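Lifted from Swiss-Prot, the feature list:
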BINDING   11, 12, 13, 14, 15, 16  NAD(+) binding site
REGION    1-335  region 'L-carnitine dehydrogenase'
REGION    330-335  region 'Important for dehydrogenase activity'
REGION    336-497  region 'Betainyl-CoA thioesterase'
């Protein structure tokens with residue numbers, strides 16, 4: 001169920017700005033209040049990172065990006081919003097005051113979520129007139145990529161609010177987990193705090209440097225945790241005897257001196273300088289923006305790997321990505337066209353994302369194929385071959401493609417694609433697609449493709465049903481009146497006339 005059409009973000013820092021990106025890239029208009037003088041620049045940079053990451057994350061058609069509006073007051077920002085996300089600095093009095101002000105100005109049925117990392121929702125909602133609609137929605141950085149949100153209700157939060165919050169995070173491609181009882185720092189940050197305290201002791205006691213510690217994590221158990229978490233990882237460690245055997249085998253270790261995390265390290269100036277210097281050396285001159293982009297690329301790669309796991313059904317965050325993509329395809333706008341028009345079908349309008357640009361500074365090869373693939377998918381949806389059709393066991397498979405690259409497109413350039421049907425019969429579909437620069441209307445690439453209608457379960461070509469063929473014939477007959485496009489029928493290496 002989709003109920004968020006307008007969102008408001010109060011606070012636009014690292015977390016708040018990423019919430020803005022998450023909402024906007026889900027097609028939701030966002031109004032923002034942040035008194036920081038450079039809030040627009042900061043959020044703009046977060047948006048650029050998010051759009052770059054999404055271009056790598058999925059080939060599914062995203063909805064039109066939501067409109068961003070920067071406001072001069074909390075009251076202006078929250079007016080008319082369905083979901084309001086508070087992300088101001090982690091100070092109880094400040095957060096409680098901001099949330100109380102939001103509550104006074106917001107629509108009575110608007111949800112109010114707080115990004116707090118550890119404050120209790122009962123404390124945050126104590127001065128509200130409508131505390132039943134306030135809850136903690138604690139995300140993880142970067143919010144636009146990491147899907148988890150811890151949903152924590154306070155003493156006065158209604159059950160209906162948490163249920164609606166679950167629907168809301170699902171709408172924007174996230175995974176909500178409901179924490180049964182409120183506790184400071186919830187679940188994730190309590191685990192992170194335990195690990196963080198032990199890590200500080202290891203650096204303080206000169207056991208290792210920051211880079212060594214990070215290497216221990218990223219080359220070993222960090223990889224396991226990304227796809228199986230803690231308990232499932234240890235279940236496997238118990239072998240065929242399972243978790244009970246593991247607990248019996250390693251239980252005695254709990255009494256051994258293997259940790260100091262219950263002792264709080266003195267984070268004095270000397271330790272801060274030691275960690276700061278080691279971290280600077282580890283970064284090797286990379287800026288925060290560079291590190292963010294490396295992180296995002298790696299997260300995308302992990303999610304892609306998880307999407308293909310579990311026999312292709314997806315696992316963990318990858319299964320969530322697959323489900324989100326299925327919804328994007330189901331909600332994709334169908335190309336609008338008169339099937340009898342004597343002109344190529346205009347299918348796709350897009351822009352060259354920064355993630356599409358290679359080391360030569362222009363759009364890389366496989367992205368042209370992606371645009372042509374999206375174009376042919378648009379044509380298929382036009383004749384009734386959509387996701388439901390594919391789920392029923394039939395589809396069109398591409399069996400041959402010839403692409404010509406005619407221009408060099410830079411990041412940010414607007415493109416559109418057209419498709420002309422050269423011929424079709426009961427099983428075959430022969431198309432010629434062209435990508436144009438939207439500013440100049442010059443062709444920048446063409447693709448000639450042959451597709452076969454198949455029974456995907458039987459693994460063989462079969463005739464398409466009349467419901468599809470009737471639409472296909474109408475387009476084919478209209479396009480038969482067009483001239484054969486330049487480049488159709490060419491072979492690789494053929495000299496131009």
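Along the chain as shown, residues are numbered 1 onward.
Just so it is clear, glycine is given a Cβ too, placed from its N, Cα and C backbone atoms.
Positions of Swiss-Prot features highlighted on the structure.
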residue : record              : contacts (Cβ under 8 Å, 6+ apart)
11      : NAD(+) binding site : 33, 34, 86, 87, 88, 89, 98, 115
12      : NAD(+) binding site : 20, 32, 33, 34, 36, 39, 42, 43, 87
13      : NAD(+) binding site : 34, 36, 42, 87, 89
14      : NAD(+) binding site : 46, 141
15      : NAD(+) binding site : 87, 115, 139, 141, 143
16      : NAD(+) binding site : 9, 10, 32, 34, 85, 87, 88, 115
Residues of the parent chain within Cβ reach of the region 'Important for dehydrogenase activity' (330-335), under 8 Å, 6 or more residues beyond its termini: 60-61, 63, 345-347, 378-379, 381-382, 386-387
Conformational class of residue 11 (NAD(+) binding site) under the three-state DSSP mapping: coil
Residues within 8 Å of the 11, 12, 13, 14, 15, 16 Cβ centre (excluding the NAD(+) site residues themselves): 9, 17, 18, 19, 34, 87, 88, 115
Tally of residues which DSSP labels helix, strand or coil - the region 'Important for dehydrogenase activity' (330-335): 1 helix, 0 strand, 5 coil
